[in-house]
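What follows is a set of notes on a single structure, which appears directly below.
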Amino acid sequence: METKPTEISSSKMFGGYNKRYKHYSPTLGCSMTFHIYFPPSPSPSHKFPVLYWLSGLTCTDENFIAKSGAQRVASTEGIALVAPDTSPRGLNVEGEADSWDFGLGAGFYLNATQEKWKNWRMYDYVVKELPKLLSENILQLDTLRASISGHSMGGHGALTIYLKNLDKYKSVSAFSPVVNPINCAWGQKAFTNYLGDNKADWEEYDATCLVSKFKDVSSTILIDQGEDDKFLHDQLLPQKFEEACKKANVNLLLRLQPGYDHSYYFIATFIDDHIHHHAQALKL
């Protein structure tokens with residue numbers, strides 16, 4: 001099985017290229033796809049810093065690349081965008097497609113401990129396997145200069161991964177993140193099935209819990225949240241994370257955006273600010 005990435009599509013955009021790759025993932029036990037947007041290169045030997053984007057429930061590696069418009073500013077800032085998929089696919093585990101908020105498209109960026117879901121190891125895939133794969137095979141990328149961002153479930157992934165790996169990422173941002181999953185239905189469903197009933201295990205993947213443990217955050221955390229997001233009050237709970245950041249003396253810029261919902265229309269509106277936020281950190 002080919003563990004090296006194979007290019008399966010390429011489209012020019014803003015002087016650079018959206019490229020899609022396929023590879024076999026030993027971590028997940030299946031073939032995976034991911035997208036990279038390469039900005040126009042000033043020279044053949046130039047290496048771009050990397051911004052990882054983690055997508056939300058039901059998404060694949062395609063949503064952000066097709067809908068966000070992030071490439072326009074990534075092109076001018078000289079930042080490569082890397083968008084992995086959101087869960088293993090093709091394993092045909094019983095029940096994996098039964099509901100939209102669990103299983104396929106809903107990996108929650110954790111390492112499952114329950115036997116049935118043992119392949120759901122998106123945390124290790126994003127933090128360990130994918131950066132190593134990129135550094136060894138995609139020579140235009142400088143994976144040592146990396147930042148991370150995401151939306152909804154992917155915002156949860158970005159925040160938790162950043163807080164647990166402050167040495168690996170220069171900055172973090174999120175749109176409408178699930179910041180306190182131990183206290184919302186999406187998180188409780190996913191964590192019970194993937195991690196079992198021990199609540200202490202759940203806290204290892206909850207940004208609101210983690211920010212009190214990992215306080216050595218050098219860059220401001222940027223979060224945009226739509227005030228008309230139908231998931232705001234029962235699933236996303238940004239005020240819980242805001243309180244935890246204040247207690248931990250961690251700099252958080254939480255921007256509540258009036259009239260905006262949970263969609264990619266919202267993301268596309270404010271994505272430029274996020275790219276600039278990461279560009280500042282990546283170029284220090």
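A Cβ is built for glycine as well, from the same backbone N, Cα and C atoms used for every other residue.
The active site, charge relay system annotation in TrEMBL covers SER152 (among others). For SER152 (active site, charge relay system), the same-chain residues lying six or more positions away in sequence with a CB closer than 8 A to its CB are GLY56, LEU57, PHE175, SER176, PRO177, VAL178, PHE231, LEU236, HIS262.
On its own chain, ASP229 (active site, charge relay system) has SER176, LEU236, TYR260, ASP261, HIS262, PHE266 as residues at least 6 apart in sequence with a Cβ closer than 8 Å to its own Cβ. According to TrEMBL, the active site, charge relay system annotation covers ASP229 (among others).
Among the features that TrEMBL reports, active site, charge relay system is placed at HIS262 (among others).
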